[in-house]
Every structure is written in C-alpha cells, then in structure tokens.
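First up is the structure itself, then whatever we jot down about it.
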Amino acid sequence: MPELPEVETVRRGLEMKIAGRVLVRVAQYRPDLRFPLPERFAARLTGLRVAGLFRRAKYLLIRLEGSAEGPLVWLVHLGMSGTLVVRRGPPGPPGPHDHLVFETDPPPGEAQGWVVTYNDVRRFGFMDLFPEALLDSHPMLACLGPEPLGNGFDAEELSRRLAGKITPIKAALLDQTVVAGLGNIYVCESLFRAGISPRRLAHTVAGRRAGRLVPAIRDVLTEAIAAGGSSLRDYVQSDGELGYFQHSFKVYGREGEPCPGCDCDPVRTGGIARIVQSGRSTFYCPRHQR
C-alpha cells in the first residue's frame with residue numbers, strides 16, 4: 001500500500017503539471033472503487049480549476065475552484081494498487097483497469113493539456129468530493145495524528161501519545177491516530193535506525209528512546225521521498241517511473257541477511273529476523289534493536 005512518501009511523491013509530480021489547470025474533460029468508467037464514487041462525480045469535476053494539491057497522512061487532497069457549491073476538495077486514497085499517472089494529451093482508449101481519466105486545458109503557449117489516469121487493479125482505493133468547509137471534520141481525516149514531517153511532531157509529543165499504551169511499538173506507530181501516514185515498510189526501517197525493537201511496549205518509548213525515534217522517522221521519510229518512494233508491486237510515480245527507495249532498505253524484506261547495524265553473522269545469529277505482528281510481516285535485528 002502506498003505510504004506517506006509515495007503519496008507525497010505523487011502529489012509533487014501532479015502539482016508541477018496540473019496546478020492552476022482546468023479539468024476540461026472527465027471520464028468515469030465504473031460507479032465504484034472500494035466504495036461508491038460520489039454522485040454525478042465526473043459532471044461535478046468537469047470545468048473546475050485545480051487550485052492546489054495537498055497531502056494529509058496517506059490521502060491526496062486536490063482543492064478545486066469554480067463550482068456553484070463553493071470550493072471543493074477531491075480526496076484520493078490509492079489503496080493497495082492505485083496509481084495516478086500524468087502524460088500529454090490527447091487521451092487514448094482506457095486500459096482494463098483505468099477507472100477515471102481527466103484532461104486539463106493546455107498550459108500557456110502549449111497546444112495540448114495533461115491527461116491523468118487513475119488505474120487500480122485491486123480497486124481498493126477510494127475517492128470523495130466534498131465542500132472545503134468540511135475538510136477538518138471529514139471522517140477519514142478528523143482523527144488523524146500529527147504529520148511526522150511537521151513541526152508538531154517531536155519527542156515530547158510522541159511520548160505523550162504513546163503514554164499508557166501496552167501494545168508493541170510497531171503496532172502503535174501504525175495507528176494513524178498516533179502519527180499519520182506511516183505504514184509497515186517505513187515503521188520497520190525507522191525502528192531499525194532508532195535501535196528499538198518492534199516488540200517493545202509502546203509506553204516505554206519515551207525520553208531518549210523517543211528522542212532517537214523521531215529523527216529516525218523523519219530521516220527515513222525524507223530519504224524515501226527524495227528517492228521517489230518504494231516500488232515493490234504496483235506503485236509508480238506520477239510520470240510512470242518506479243521509485244527507488246527499496247534499494248536502500250536496511251531490514252525490510254531482508255530476512256536472514258546480515259544486519260547492517262551490527263554486522264552479525266547470519267549463520268550464528270540468524271541475521272535479520274521476520275516475525276508477524278497484527279497480521280503483518282515485521283523485519284528487524286534482535287541483536288541491534290532493543
């Protein structure tokens with residue numbers, strides 16, 4: 001599933017192309033994804049101007065102007081396999097898993113606009129369209145925790161949110177009400193960099209441990225964004241290119257390999273271990289992470 005770095009990468013790629021552009025044509029090829037699409041979705045989008053693109057947690061938020069309803073927000077969640085790819089028009093025939101295609105007006109001095117295609121093989125993504133005034137109260141956004149790259153996320157705030165939690169720290173960090181946007185890959189990588197075991201009880205991650213974990217999270221996310229995210233299965237950037245952060249994984253997907261943090265001997269120690277927590281694979285070094 002695309003996590004914060006992948007969604008942020010897509011946001012930046014789309015922003016460079018479609019910010020300020022008008023949606024002149026919108027083609028919708030099915031009535032639903034994970035949930036039903038909004039009523040009159042394509043008709044309501046057509047003719048609106050893209051005023052800006054933002055991200056909250058794993059959600060892409062597109063601000064639209066020009067509607068009789070007032071400013072609108074188009075919320076996009078990519079689910080497990082959703083992609084948004086932009087290219088020069090005109091649009092061709094839709095592929096078997098292309099569910100929404102929109103075309104913009106041409107940028108100044110150019111003959112063709114941009115065509116953006118939403119493709120989703122598993123159809124686990126979803127979209128919504130609602131008045132901007134309802135943004136903070138939207139059910140998908142209202143209870144989210146702080147942004148890990150924002151000014152409101154520091155060791156003190158993380159310690160406060162983890163206080164009293166007796167779940168493993170891995171599960172706590174995946175809780176979107178604790179911190180927004182983290183997923184399995186980046187939690188594994190962040191805990192490794194901080195030297196914290198994913199089995200450790202969340203409430204014990206305070207003080208110096210929280211002081212190590214917060215910059216580790218920030219560094220992992222920042223580096224992943226710079227690399228265009230991680231392409232393991234379906235994810236591609238908005239230009240159709242793969243992300244490259246998967247080549248920088250220290251522990252994720254590296255079961256049985258030597259730990260880059262302690263150079264342990266896999267024959268003697270087993271190297272990087274894989275365990276299952278809450279139904280998800282966790283990768284870590286039991287010797288390096290405590």
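Note that Cβ sites are derived from N, Cα and C of the backbone, with glycine treated the same way.
Annotated active site, schiff-base intermediate with DNA per Swiss-Prot: P2, in sequence order, evidence recorded as sequence analysis. Here Swiss-Prot flags E3, K58, R280 as active site, proton donor. Residues annotated as DNA binding site in Swiss-Prot: H97, R122, K165. Sequence annotations record features per position, and here Swiss-Prot assigns zinc finger to 250-290.
Locations of recorded Swiss-Prot features on the structure.
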| residue | record | DSSP class |
| --- | --- | --- |
| P2 | active site, schiff-base intermediate with DNA | coil |
| K58 | active site, proton donor | coil |
| H97 | DNA binding site | coil |
| R122 | DNA binding site | coil |
| K165 | DNA binding site | coil |
| R280 | active site, proton donor | strand |
Site of maximum Cβ density within 10 Å, from recorded positions K58, H97, R122, R280: K58
DNA site span - longest C-alpha distance across H97, R122, K165, in Å: 41
Across the zinc finger (250-290), average pLDDT on the 0 to 100 scale: 91
Packing count at K165 (DNA binding site) (other Cβ atoms within 10 Å of its Cβ): 17
Shortest C-alpha distance to R122 (DNA binding site) - which of the active-site residues P2, E3, K58: P2
Of K58, H97, K165, R280, i.e. the recorded positions, those within 10 Å of E3 (active site, proton donor) when Cα atoms are compared: K58
Nearest of the recorded positions (P2, K58, H97, K165) to R280 (active site, proton donor) - Cα to Cα: P2
Distance check against K58 (active site, proton donor) for the recorded positions P2, H97, K165, keeping those with Cα within 10 Å: P2
Densest Cβ neighbourhood among P2, E3 (active-site residues), 10 Å radius: P2
Distance from P2 (active site, schiff-base intermediate with DNA) back to H97 (DNA binding site), taken between C-alpha atoms, in Å: 18
